[in-house]
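One structure is given here, and the rest of the page talks about it.
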Amino acid sequence: MWIDCRTIARSIEERTKERVEKLGFTPKLVSVACTDDPSTLSYLKSQRKKAEKLGIAFEILNVSPEEIVSTLKKLGSDESVNGVFVARPFPPSFDEKEILSSVPVEKDVEGVNPANLGLLLYDEEIFPPCTAEAAVRILERETNLSGKRVTVVGRSVTVGKPLALMLLKKGRDATVTVCHSRTVNLEEITKNSDIVVVAVGRAHFLKKNMVKEGAIVIDVGINYVDGKLQGDVDPSVEEIARVTPVPGGVGQVTTALLFEHVVRAAERQRK
């Protein structure tokens, strides 16, 4: 069975639009890019369309790699800007941690600044990473997480690690296992899990024989195979489990949450 993520995304967007109307001013998101990567530029265009739909002002700043840190710092002091998004990939020679640390903490709507990530250790989710939060929102709609055995396959800073912390949070209380490329007996671990979240960047990585019947599977994968978008989960898994589709799954909820965070940032700054 496919999980209906579009309905979740629409619900988030409807609430976001209502909150925008109550603000009394137009919140603004600035996306900073130092890349000509076609998929990144396409995503930024989709951000613009979504912002217009929600009543949020939007601007794209194309800067040179050398200017990105100083640009992010300037946006931190610009009172007309409520949210800052920094587009990836970055040039290989540049320090990703330095760049992400320059995103203003109070405007870090994607939850990439190490300071915001660190708050997850204390169960504080002011601006959690959008993709990790999307996985949590979907799971909370599908099941009660307390005591559930959850396996997160992938240990990235943007998804795997923060998601594990969010699932462990008091009140959610999942029992979490994090697997990665060095994990032994991965199939045995996933097969004994109530929930499997896959974020490894390998098309159709999770096979039907790796999942128990009735499990929930969250597919965070974005892979292009012969020009078509494919997830990390093999389509056959849907025959025995509840699975988020790709496209139209986690990504839809992730984008909706990005703009929810813009409004949250605006509300906090107004105070």
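Note that the numbers count up from 1, one per residue, in the order the chain is shown.
Glycine is no exception: its Cβ is also placed from the backbone N, Cα and C atoms.
Taken from Swiss-Prot, the feature NADP(+) binding site covers G154, R155, S156, S181, I222. Around S156 (NADP(+) binding site), the same-chain residues six or more apart in sequence whose CB sits under 8 Å from its CB are A199, listed in sequence order.
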Please list residues from the chain of I222 (NADP(+) binding site) whose Cβ is under 8 angstroms from its Cβ, counting only those at least six apart in sequence.
G201, L229, G231, V246, G251
Local Cβ density at G154 (NADP(+) binding site) - other Cβ atoms counted within 10 Å:
24
Output the one of R155, S181 that, of all these binding-site residues, has the highest number of other Cβ atoms within 10 Å of its Cβ.
R155
Let me know the largest Cα to Cα distance in Å among the NADP(+)-binding residues G154, R155, S156, S181, I222, as an integer.
18
